[in-house]
Structure formats: structure tokens, C-alpha cells
Amino acid sequence: MTIPELPLGGIVSQAVELGAPYEPPLTPDHPEWKVHVPAAAVDKKDQDTPDNWVRRDPRILRLTGRHPLNCEPPMDVLMEYGFITPPAVHFVRNHGAAPRIPWAEHRIEINGLVDKPLFLTMDELVALPSITFPCTLVCAGNRRKEENMLKKSIGFNWGPCATSTTYWTGVRLRDLLLLAGIKSPEQGANFVCFRGPKGELPRGSDGSYGTSLTYAKAMDPSSDVIIAYKQNHRWLTPDHGFPVRMIIPGFIGGRMVKWLSEITVTEVESQNFYHFMDNRVLPSHVDEALAKEEGWWYKPEFIINDLNINSAVARPWHDEVVRLDANKPYTMRGYAYAGGGRKIIRCEVSLDDGKTWRLGDIQRFEKPNEYGKYWCWVHWSLDVMTFDFLNAKEVLLRAWDETMNTQPAIITWNVMGMMNNCYYRIKIHPQVDSDGVMGLRFQHPAPVELGERGNMGWREEDNLVAQALAAVKEGATAAAAPAAPPPVVAAAANGGPRQYTMEEVAAHNTEESCWFVHGGKVYDATPYLDEHPGGAESILIVAGADATDEFNSIHSSKAKAMLAQYYIGDLVASKPAAAGATVPEPQPVASTSSPAVDPLVVLNPRQKVKLPLIERIELNRNTRIFRFGLPSPQHRIGLPVGKHVFTYATINGENVMRAYTPISGDEELGRLDMLIKVYFANEHPAFPDGGKMSQHFESLRIGDTVEFKGPLGHFVYDGRGSYTLNGKLHKHATHMSFVAGGTGITPCYAVIKAALRDPEDKTQISLVFANNTEEDILLREELDELANNHPDRFHLWHTVSQTNSSDWKFSTGRVTLEMFKQHLFACSGPECLALMCGPPAMLEHCCVPFLESMGYSKEQMIHF
């Protein structure tokens, strides 16, 4: 967004641009500049997202990709501003796009168990009596990354900076409810529910975010619950709820609904999807599956409201090194907070594993409200001498509140990764710098970013070690080939692991030398290319790049543990040159396999390409063809027959990647067609959430874009019976037997269609296609047409689990060996090939053993 030219310069607030009453533009010399530091432009990361109009500070650390925005500030930025955090660097938790709401159009409806329902405009709201006070907001997931390093929760990785403090201005909720004539609990008014705009989010019956308070909390004058419209004395920004939001001091941020649209007084708590499926701390033994199976989400005792006690160290920060050339004063710093209005009374540091504790100095910025409640964090400091760290292995921090509660020593995992408040524990590592001076490096548990020296947090390192040990243990029980020796990692000059910059990694992007980055570590996957189950291209697609998101989206913990044997060093931002030396430019490794670039081919195995949706074709209740436009009518996909593509999306804050085979090929110019069966939420008891990516496709509107990457896959049908495996092994088949289950038909269909299209292709083809019902059969008309047009070359057989049709002439029930023998080719030699795609259990327990009994070797079976 371009900031309009102003006579006196300055940045106009986005609230004013959306019609809020005038407030003067901000300039660096304005007295309010420091408590706002407004972003001047739209960040390039937000271009091509629904938030492409929201101005954001580029310093924020984005935790869930580009969209939606979930971010926290770096610790040094958070602490730099002191007690009051500028909104531009205040942490943000968004479940979706920030809605663009004009001031004049917004209304707040107050209804339910009230005598006088209200329908307030913003002008009417701000005309009511208001209060202003400072309040610390905290996401319940603050410090979640530490939990995720023990065991993955269902939440993304918050670091220790999901907390911020600002002044809030608004109308007391109690006053509004009294104005509306709220009924009493005796009359059924037990809860006050809040929700944001309808249709804002993909989950829930109305697509809104909502939650509730008890009547007692909402009406308690000591709780200072307000309907806020200003932050640090200026109108709210879009990310913080403009034009209006809830502020509930002492509560977790997840209860403070942004873009507030409706307040409803009810007899029962909010029935909103997010009220139940978010912000809970379940017992440690309850995982996601058990929570769904046994209804743990709906048990009221596990809801989170009040914040717990928590604290963190800001100095020394992660990867900081304190030189020990002299015994010098050093000031440690950090923050602490508590919930429920409780006062922080102690911040303590231990340098001897908790045997003794040193009391820090507390800087308290607020006075309590008239009821004695404290709503803000404190900052603490502790003066030590640098030699005090010399015999310490760890720094421990804990805080106490006025009820004499403190933080637990040990972390407790829960499925949502929420409310982690164990001791803040920093490891201390001795090291010698390039000048030969002894120093100590501090390693925090799980910071969002790598440190300035390229190191990850110690809990992350522990996690990698645990995965490697699990892999070794699993390998030992397999009693297979002798174990390979542990990897030898070349040492850097300082004795640590070899360090590489991203430029050096990028030079290794070929089959001859294939490196990639995962979680700040560098891996050489070259030896594994031929062994990868998905073929070499599945790795080469990320060669020379950071593969963290793509790897995590589709790999299990077992696969992650296998990384250890290919580890070669750590990723660093840059490497200092030796005195008088120059850093040579990395030289790319020569490749003999790089294809020439065709300007009319869309897919690029090295980069994601973004394509717009141009048409939706509804086939039945849950099946669609999504047609995406290519850059011109002359462009083609560039997808060899048998290969597939990856699609990418950020869904509810999670980076999701799925493999699909388009049903259009290179012969259909100007478009890419995806056949998608939508797995809706709450339809199958075993999968109550439905399919993430298929529901994302369902939410697309014409003009929306999807990112694609490819081609990839280990099998290519070259035509006339010839095929290639892993880009190297060229073979020929005279008979091809296909087995497909459900949506697994798409790669099979691509090969069958290509073979039958060529009149010179004499390959004999059979297909057994398994589905649940007749209505579930995808591409039925297309397959029937191919079978009718090529009866001498293509035999088609269906089986369904159930049917009500008296005209059904095919099988009923699961696939059987007898069915395979009747409708597929027995293996009579090396030119017979079996190709399959479907549910893993069907392939593993039925297809593979049946085909083996028909003479097929594992080498003659292709798994798409």
C-alpha cells in the first residue's frame, strides 16, 4: 500500500483510512511514535494473500508461513520498548484473514437474555463512558515450542515472546450489559457469549470465532472486562481487532474475541466450535485421537481462562557469548507475569541446579486497580559477575505470585501444547573464540530462530538425539543388515560441526550432489536418492533449499529420525573470513541431468508456481473438478505420464502439502484439471475433521490461487509399453495390471488414458477399481468410454462395498485373490507389470500378497 502524501508527512492510521474519526498522522518526532512505531507499508510476504492491504512491521517473526498471520517479536525488540509494547510488534494470533471492516458499517449486537437488546454503531459505542488501563496479553501457547520438542502437539511453535503489554481503552462490559437490561442467573443468564464476524473462518457452523464468560466474571466490577476500541490511546489496528474487540485482563488471549460483532447472554456456555476445540489443557495421556474418541474437548474442567505464572530470560539471549577475559559485572534481565490479577512478588535465578536461588530486582510499572488487582507483567534484573557463570551448567529462572505459587521445575506435555510454564532453563557451554579467549555460550530451550552463531535451542537438539536413538532402537530390532557406522561430520576450526551458508547449500542441487536444510541443519541426501520410496525426484525437488516445511508436512517421526545419518553440519547466516582471506563464491556442481527449460512449460521442480482457479465443475455431492488456468492458452503443464504434483496451503496456521495427480495432461493446453473428492468434517466418525486439503479446495473461489510444485514421482510411462524407473532404469511391459482404490484412480487413469490414446500402443491393460459405493466411483464415464472403445486392449472391473442397485453387474465386497485372478493378468514373465494406488492398508494387506501369489515380484509392482 502506498502511504498518501501529507503536507506535514507522517503515517495515517489504517483505522482512519477505514473511516474512524480523525487522529493525527504519526511521525518519528511525534510524542506517541515510540509506543506505536507504525508500519509504513505492506510487507512483501503479504502480497498475494487476503491480507495484502494490512501494513505490518518486517521485524515480526512469522510462525505459520505467510498467511494467516501468527507472529511474535524477537526478544530484543520486545524488551527494547520496555513496559509498553508498540502495536506494530505486539504478538498476533489470527485464525484467518484480518477482516476489512469500515467503521461506519460495523455494528455490535447485544441480545439473548436481556430486556432491551442493543444494536450499537461504533460512534454510539465510543460516546459511552470509557476507561483506560495497561494490560498484558499472553497467548496460551506461549513457550509451546519447548513442548513440541518433547512430542508434537497440535499447535504451532510459539517461542517465549507471545506476550505484550499496551494501554487499552474501552467501555466496561458490565455497563453495556446493564444498559441492555441483563437478566439474572435465577432467570437463566449464566453465560455471556462473544463472537466475531460470521463466515470469517473455515470451521464451525457459521464460520465465526466465539467463546464465553460466566455471568459472574462478566459482571464483576473488579475484573475490568472492556469492549476496547483503542490501543495505546489510538484506534486499534486491523491485526488487533479494528474496530472493536474484547479485553479480559488476566485471561488468556484466546478469550478476547477480535472484530467483535455479537454479545449474547445465554443459559449455557458458548457452543462455538473454537470455544471447545481450542484453549484446553488436557491430561498428558490424552492425545488427539483419544480426545476425539472420548469427548475430552467438552469436559469443562479442562478449559483455560486465567493465565498461570510464567517468566523468561531476555539477557543473556540465545547464542550470546560472555567473554571471560576478566571478572566483570553483568546484568541479567527478563520478564514475568501471572494471571487473575495476582501480583508477581519474586523472580529468582539459580546457577547451581536449584540448590540456591538469587533474588532479582523487580521493576513494577503499574499500580493495582481499586480492588488490588495487577494486570501487567513485570521486568526483572539481577546483577552478577561473569565468573559466577563459570561453574554453572545451567541458568534456572522461576517466578512467584502473591498466593505463594511458583513455576514447576519439569515441563508437562499436553496435546495442545498450552500453558507451558516450567522453569526457564538455559544451558551454558564453554568455548574459545578466535582470539583464544575463554567464553561461555548461552543456549535457550527453544527460540523461534537460530541464534546469531547458527545454533538451535537445546530442546531441539535433544529432540534430534531422541529421534536418532529411536531409529537406532528400531533398526536393532529389525535384525537386518549390519548397522552403518555413525556419520562422520567434518569439524570446523573451532571444534564444532562444519558450518555452511545457504549459498553453499544452494550449490548442491543435483543428483550428483544433493544437499538440503531441515531445522537449521544441513544434510547430504545423495546416498539416499536411489533408496527413497518416492523416488529421487521427491528429494531433488528440494535440493539446495530449506526443506523444513515440506519435509514436516509429509514425513513421520521415523523419517525425521533417519535424517541423523545424513547430517553434515549446521546452517549459518554467514561465516567470517580469516584475516586477509576472501570468501570464495560457491561453485555449483556440474550436472548431467538438468533438462533444458521450456518457456511454455509451467511446472518447475525447483520452485512453486501459483495458478488461479478459473472454473469449478460439480460432479456430485462431494466431488469436483477444479480447473486452474495456465499463463496462456499455449502453455502446458509439463507433467510426464505417471508423475504427480504437490499442492501447498496454509490451513488454520499449519503448512499443509499433499500429492495429487491431475486428470489433464500436456495435450490439454492452457489448463490444469484436478479431480478432488472433498472429505467434509463431521461425516466420518473415524475422521471428524475431514480432509484438510480437500476442504481447502472446496473453500476456493474463482480467482483464488493454489501453489503447485513438480513434477515428481519415480515412474514415467514413455509410451508403447516402455517405462522408466527413477529416471535411469528403462523397461518394457506388454501387460499392465492396475488396482485402484477410491481417489487412487487418478494416476492409474493418467497412464491408461495415455496408452489407449496411441493406436500404435499394443499394451494390454486391466483395471480392478474398488470403491465404497457406486456414487463414489470417480471418472466412471471416462473409464467406461475407454473400455467400450478399446475392448481388445482394456478390461475394466469394479467392486463396491455396498450397493442398492439391482442392475449392478460387477463385484460386491473387498478385493479378493479370486477377483485378481479373474480380472488381472497373471505374471508370465518380466514384461508384466502391476501398478496400484489406494489406501495403504488395502495395498499392503491385500494387493501385494495377492499379486505375489500371481507371480509378480516386488520389482514388478509400482506404487504410485
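Every residue, even glycine, has its Cβ placed from backbone N, Cα and C.
According to Swiss-Prot, the Mo-molybdopterin binding site annotation covers CYS139. Among the features that Swiss-Prot reports, domain 'Cytochrome b5 heme-binding' is placed at 497-572. If you look up Swiss-Prot, you'll see HIS532, HIS555 marked as heme binding site. As annotated by Swiss-Prot, domain 'FAD-binding FR-type' applies to 606-718. Annotation comment: Swiss-Prot describes 658-661, 675-680, PHE687, 692-694, THR746 as FAD binding site, evidence class similarity to another entry.
Feature annotations (Swiss-Prot) mapped to structure.
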{"residue": "CYS139", "record": "Mo-molybdopterin binding site", "DSSP class": "coil"}
{"residue": "ARG658", "record": "FAD binding site", "DSSP class": "strand"}
{"residue": "LEU675", "record": "FAD binding site", "DSSP class": "strand"}
{"residue": "MET693", "record": "FAD binding site", "DSSP class": "helix"}
{"residue": "THR746", "record": "FAD binding site", "DSSP class": "helix"}
Self-check item: CYS139 (Mo-molybdopterin binding site): tally of other CB atoms within 10 A of its CB
Solution: 24
Practice problem: Would you count the other C-beta atoms found within 10 angstroms of the C-beta of MET693 (FAD binding site) for me? | Solution: 20
Self-check item: Pairwise Cα distance for TYR679 (FAD binding site)/CYS139 (Mo-molybdopterin binding site) [Å, integer]
Solution: 31
Self-check item: Residue, out of the binding-site residues TYR660, TYR679, whose Cβ gathers the largest set of other Cβ atoms within 10 Å
Solution: TYR660
Self-check item: Other C-beta atoms that fall within 10 angstroms of the C-beta of THR746 (FAD binding site)
Solution: 22
Practice problem: Between the Cα atoms of TYR660 (FAD binding site) and CYS139 (Mo-molybdopterin binding site), find the distance and write it as a whole number of Å. | Solution: 36
Quiz item: To the nearest whole angstrom, what is the C-alpha distance linking LYS677 (FAD binding site) and the residue listed as 'Mo-molybdopterin binding site'?
Solution: 36
Self-check item: Overall pLDDT for the domain 'FAD-binding FR-type' (606-718), taken as the rounded mean
Solution: 90
Exercise. Measuring Cα to Cα, tell me the gap between the residue listed as 'Mo-molybdopterin binding site' and THR746 (FAD binding site) in whole angstrom.
Key: 43
Self-check item: Nonlocal neighbours by CB distance (under 8 Å) for ARG658 (FAD binding site), same chain, sequence gap 6 or more
Solution: PHE646, THR647, LYS692, MET693
Quiz item: Across all chains shown, how many C-beta atoms besides its own are within 10 angstroms of the C-beta of LYS677 (FAD binding site)?
Solution: 17
Quiz item: Within 10 Å of the Cβ of LEU675 (FAD binding site), how many other Cβ atoms can be counted across all chains shown?
Solution: 22
